[in-house]
Amino acid sequence: MSKFNRIHLVVLDSVGIGAAPDANNFVNAGVPDGASDTLGHISKTVGLNVPNMAKIGLGNIPRETPLKTVAAESNPTGYATKLEEVSLGKDTMTGHWEIMGLNITEPFDTFWNGFPEEILTKIEEFSGRKVIREANKPYSGTAVIYDFGPRQMETGELIIYTSADPVLQIAAHEDIIPLDELYRICEYARSITLERPALLGRIIARPYVGEPGNFTRTANRRDLAVSPFFPTVLDKLNEAGIDTYAVGKINDIFNGAGINHDMGHNKSNSHGIDTLLKTMGLAEFEKGFSFTNLVDFDALYGHRRNAHGYRDCLHEFDERLPEIIAAMRENDLLLITADHGNDPTYAGTDHTREYIPLLAYSPAFKGNGLIPVGHFADISATVADNFGVETAMIGESFLDKLV
């Protein structure tokens, strides 16, 4: 019999809590990640007021220096710790896959200086369209169409860009490059990026409409991902007939593997929380696992090194946390964590190699306190333990610590 009928895992994308032990093996603009600290530096430089996460125990998580504006609770309402990454990567897919029990020993490739000429030339030859070379770099999806959409409307050239994650994205105005053609080009790009030196996690079609200065990305986005190389705990749950619900980009990250209810993409963190609340309220969701990703911290503020915006985004989540707690049933478990760091005060614009926080709350808790520091995959091991299924590759359950 399951200890908890339902477990809700919420990933605050990029909300790290201090440099990992191996952080100096990872760099940002040539600077090792060893001094990175997403929550610590936000708290120190612009202040952080997250009373609802603090009540659960955010300020109790062991650190060399306590979070400056998040006090430890003498009697928290839940359990807290921090978790270390084992896998050799600091991207979204690696973090999420490890959370679900995989050890990624060969990380995906990322292209901070843009894609090599060989890839662009192959796409040009296949499509019969030129590629705008100036867009070939890590770019905001809205900024890239603002900057190059007018040119695409005039010339029909392809807008190909990337991000901090191992993705190749192709933006195309629907009136200039029809959807069927865009999808066909993306399928070709997928076929040539399945092995090194260009092993990419996703190819993303990014269609848009409108006029210069007023472009809008449409819902016709399409992700061509790769499935995890080994069954995750999501697969184990699915095989056991236990419902799994994905909110936000979770379904894309796992290429649908092990997920039987995709609740759709988020338009924003707030929209994602709305979707989570809707999911939690489903009458048919009596037992199972929901997995939510809230990406605005990372996409809108971390990469853009906007500490004030990042702080405000954390405040907005914290203000809505009571709604999530109110939607919980007596035997629900809520786990709040992250997938990597992205210190908005740090060098460069890439993710940072950090510990991730873990907060655990349930209305059924009789106790509280700290869980021993562990690893990302301990989350999935705990989920597996609760529902009586096998773990994946790695992870140690902390279920017995939650009382």
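Using the three backbone atoms N, Cα and C, a Cβ is placed for every residue, glycine included.
These figures come from a predicted structure and were not determined experimentally.
Sequence-distant contacts of ASP13 (Mn(2+) 1 binding site), defined as residues of its own chain at least six apart whose C-beta falls under 8 angstroms from its C-beta, comprise THR92, ASN293, LEU294, VAL295, ASP296, PHE297, ASP298, ALA299, ALA338, ASP339. Feature annotation from Swiss-Prot assigns Mn(2+) 1 binding site to ASP13, ASP339, HIS340.
Summarising the annotation, Swiss-Prot assigns Mn(2+) 2 binding site to ASP298, HIS303, HIS351 and lists sequence analysis as the type of evidence. There are 20 other CB atoms within 10 A of the CB of HIS303 (Mn(2+) 2 binding site), with all protein chains counted.
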Other C-beta atoms within 10 angstroms of the C-beta of ASP339 (Mn(2+) 1 binding site) total 29
Rounded to the nearest Å - Cα separation of HIS340 (Mn(2+) 1 binding site) and HIS351 (Mn(2+) 2 binding site)
7
Let me know how many other Cβ atoms fall within 10 Å of the Cβ of ASP298 (Mn(2+) 2 binding site).
30
